Amino acid sequence: MCSGKCTRYIGHSLVWFAVLCIIANILLYFPNGETKYAYDDHLSRFVWFFAGIVGGGLLILLPAFVFIGLEEDDCCGCCGRDNYGKSCTMLSSIMAALIGIAGSGYCVIVAALGLAEGPKCSDSHGVWNYTFANTDGQYLLEPTTWSQCYEPKNIVEWNVTLFSILLTFGGIEFILCLTQVINAVLRGICGYCCSHQQQYDC
């Protein structure tokens, strides 16, 4: 049984998650919609790792379009040759999925590090630093301490929300790409067994 529909569904889902990751990453550059913090280098260092733009975005769009582009008859033939169809589809989808796994994994790691370290902000003395860097992420459980950041306004909420989005969507992308790898391998094994069974029947 061919599972091309499942593969294309994964592809379409990855496109949406990739777009959302790119948007979330871009928003991290503009706390409260202001550009001055990016120009003055007053953003979290992990914002500049492009986790959502590259990792959860561009590196996910590549496998997404590969999955969407798989034709219905690709699971039964490739380039007009039925014998190589399953192998062709399996290898292409696995390679694309591995790229997606690498990209989404990168997105998850950077987002987790960004959440753990906290935002770069100005304290009550006007000094810019990573106020929560030494809390090992415990500040996430203590919202009452977020007021230690005076500028940008609501920067902790801004960073926590957007990095959480990257972490969540990156994790979903990772699971979808891993699912596609497993799906492709099972299809390849099934195709191999079926071809040998046909030889024995003959």
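Note: Cβ is positioned from N, Cα and C throughout, glycine not excepted.
Because the structure is a prediction, the values reported are computed rather than measured.
Per TrEMBL, the features are:
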TRANSMEM  9-30  transmembrane segment
TRANSMEM  46-70  transmembrane segment
TRANSMEM  91-116  transmembrane segment
TRANSMEM  160-179  transmembrane segment
Contacting positions for the transmembrane segment (91-116) when only residues 6+ beyond its ends and CB under 8 Å are counted: 7, 14, 21, 44, 46-47, 49, 51-52, 54-60, 62-64, 66-67, 70, 136-137, 140, 159-160, 163-164, 166-167, 169-171, 173-174, 176-178, 180-181, 183-185
Long-range environment of the transmembrane segment (160-179) - Cβ separation under 8 angstroms, sequence gap at least 6: 10, 13-14, 17-18, 20-21, 24-25, 27-28, 46, 51-52, 55-56, 60, 63, 97-98, 100-101, 103-105, 107-108, 110-112, 114-115, 140
